[in-house]
Amino acid sequence: MASLSTRYYQILLSQAVCVGIGSGLVFTPGLSVMGSYFQKYRSVAVGLSAAGAATGGMVYPATTNALLNHSDIGYPWTMRILALIMLVTHIPSVVGYRPYLPPRSTGPVVEWDAFREPPFVFFTAAMFLNFWGLYMAFYYLGIFAREQIHLEESINLLVVLNGVGVIGRSSPCFLGERYTGIVNITIFCSAVSAICVYCWVAINNLPGLYAWAVIYGIFAGATQALLPALATRQTKDITKVGTRTGMVLTIVSFSCLTAPAIQGALIQACGGDYLGAQAFSASAIVLGMIFLWLYRWCHVGLKIDAKV
């Protein structure tokens, strides 16, 4: 559909609406099915699968840039080639995925009693707030590099930012399961991500921006993988993993929807200065980290050395 689009509303319908719905229909059931297969090393499995998203973050921008700059291909065929890549890579997962447990014959789509559980509420708020701030760099880093540092070709920054996420999304999940606890390492990675966004304010040259992209890409990627892994742990009843995970991700989707618009409005209100958007994003991550502490407190209280 995007390859045939010539007007803004057509791009909006094809990319924002159709791709958004399709991504949700692929990601949420996939995460729930995977979570049902693992009990002890569930976070490691989710982290390894999340590393694939970082791989896509390298492949798709680089491929799109190369195709658009090719005089014989152009925009329509670029979109068709990308659609073909998506189709080919989705076929094995669709064919190979099988639910570990049979679907429940009865049960609500929304489990309202979950909102009476403080740990569930605190975790959902934590994930919402973290995702309110984490994605700013993924949306605006390239534009920032062009406007503030006058970098003509910013695609390499995005490739680096996503590429280091392969390490960030896979390694911390293993470390959390084996040594520190998933909640503990998520709080740490969230804190480092917030510090990185605050430090972004002071960066005004290309080497510094590349160094920042590497550090932020690792810890933001880790947080992006660890939080969905924790989302699959919001119930001890394995038959309810899909319901609880879907509830959390549905709420978090509004965070991902509103964050770029809020950040863009702040940039525009500041006359093109990114300070307001950077402060908003970093502060949102800090608030998310606080709610993660509250979630941890519900499980182990104030025990600093507890593995959770």
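Glycine is no exception: its Cβ is also placed from the backbone N, Cα and C atoms.
Automated prediction, rather than curation, is the source of TrEMBL annotations.
Over in TrEMBL, the protein carries these features:
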- 12-35: transmembrane segment (TRANSMEM)
- 41-60: transmembrane segment (TRANSMEM)
- 81-100: transmembrane segment (TRANSMEM)
- 120-141: transmembrane segment (TRANSMEM)
- 179-203: transmembrane segment (TRANSMEM)
- 209-227: transmembrane segment (TRANSMEM)
- 248-269: transmembrane segment (TRANSMEM)
- 275-295: transmembrane segment (TRANSMEM)
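Under the criterion of 3 or more C-beta pairs below 8 Å, with sequence separation of 6 or more, the transmembrane segment (12-35) and the transmembrane segment (275-295) do not qualify as touching, having fewer than 3 such pairs. The stretch from 41-60, 179-203, 248-269, 275-295 with the most CB pairs below 8 A to the transmembrane segment (120-141) is 275-295. Annotation: stretch 179-203 has the most Cβ pairs under 8 Å to the transmembrane segment (275-295), among 41-60, 179-203, 209-227.
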